[in-house]
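TrEMBL has this to say about the protein:
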type	residues	note
DOMAIN	49-251	domain 'Homogentisate 1,2-dioxygenase N-terminal'
ACT_SITE	His263	active site, proton acceptor
BINDING	His300, Asp306, His336	Fe cation binding site
BINDING	His336	homogentisate binding site
Amino acid sequence: MPFYHKLGKIPPKRHTQFRKPDGTLYSEQLFGTIGFDGMYSNIYHEYRPTQVKEIKKQYNVAPKIARANNMESLRLKGFDVKPEKDYLSSRKTVLTNSDCSIILAAPQESLKDYFYKNTDADELIFIHKGSGKLRTFLGNLDFKYGDYLVVPRGIIYQIDFDTEDNRLFIVESRRPIYTPKRYRNWFGQLLEHSPYCERDIRKPQELESHDEKGEFLVKVKKRDEIFEMVYATHPFDVVGYDGYNFPYAFSIHDFEPITGRIHQPPPVHQTFETDAFVVCSFVPRLYDYHPDSIPAPYNHSNIDSDEVLYYVDGDFMSRNDIEAGQITLHPAGIPHGPHPGAAERSIGKTETEELAVMVDTFKPLQVTEDGLKLSDGSYYQSWLEK
Ligand SMILES: [Fe+2]
């Protein structure tokens, strides 16, 4: 995050002696991004974070591609993804390219038996159903329905769920996830015209500092493979840190919509950016108020980006037969727009309760086997006049 955060205890000066009550040194770790150019935190551990005991296994978890080149508009029935006990195996990649993966998951159990670290992708975890606590080595974040959890690459975490009924929409991003640049001033502060500000962003507040030695399994993901690494010290042994690189939460319900007299383009809904895709939040809002306005969108050709919409709640104004938990994919290169009747139907309406997350990727998305299984097979014909 482009602001400073401090948690736990740290010495007054970086890279100086910082001692435990018994006189020995805490172990400092610089946790940085983009070489030494990006955001970073300075972390203080009970033990050296380098103590690998064993690398037990290495296995491939790359999604199986069913359709490498896709020109079909798809509707994926996301809630058909079967709930599974284990957090990592519950995550099903449905769409993917070399920059990002779109993942659906219905994990039933908290992740407690091992720790997880994604080394080359930031994770954006949207909570559609469920609540609990994201537990990380840089502090914990409580979450509930509507939260985006932003977990920068390299953050070791576990996740606790309050119940078995959880539905997650996850974007795994090989490009760093930032707040939109046009909403930040030259110091990084979110500007007045930003749809949210720093007060809406929840930082980790609770630091678990386990002073424990033993055997701790960390499943480390790197280039579509999992490495099962056993560490000799507890991964959550941090006593304090400060800096700009940490996980955070933002609720879609805190996104303040930007409205206008005529239909506003998708960028007004933008919530996050990377240099390979954007993430937008469609939230309940007042409709356009020009006397002749058409609240439903016009047909549009997203020639340079694939458009993924994940429907969360409410009635989605431009679509017929769309239910919560479904994904639509509108591939780059062909126009799409409101379904038959949707434009007329929208006229005179003054507000919408729709809630959806959109991911527009600049490279085309490939459809995986897990994704194609969820397809209804006929969505691409749903614009035909009957
Ligand atoms: Fe669109």
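Positions of Cβ are set from backbone N, Cα and C atoms, glycine also.
Compared over the recorded positions His263, His300, the count of CB atoms lying within 10 A of a residue's CB peaks at His263. Considering only the binding-site residues Asp306, His336, the Cβ with the fewest other Cβ atoms within 10 Å is that of His336.
In the three-state DSSP reading, His300 (Fe cation binding site) counts as strand. Looking at the domain 'Homogentisate 1,2-dioxygenase N-terminal' (49-251) alone, the prediction's average pLDDT is 97. For the recorded Fe cation site, residues His300, Asp306, His336 set the reference point as the centre of their Cβ atoms, and the other residues of that chain within 8 Å of it by Cβ are Ser301, Asn302, Ser305, Glu307, His330, Pro331, Ala332, Ile334, Pro335. His263 (active site, proton acceptor) falls outside any helix or strand according to DSSP and counts as coil. Note: the CA-CA distance between His336 (Fe cation binding site) and the residue listed as 'active site, proton acceptor' rounds to 16 Å.
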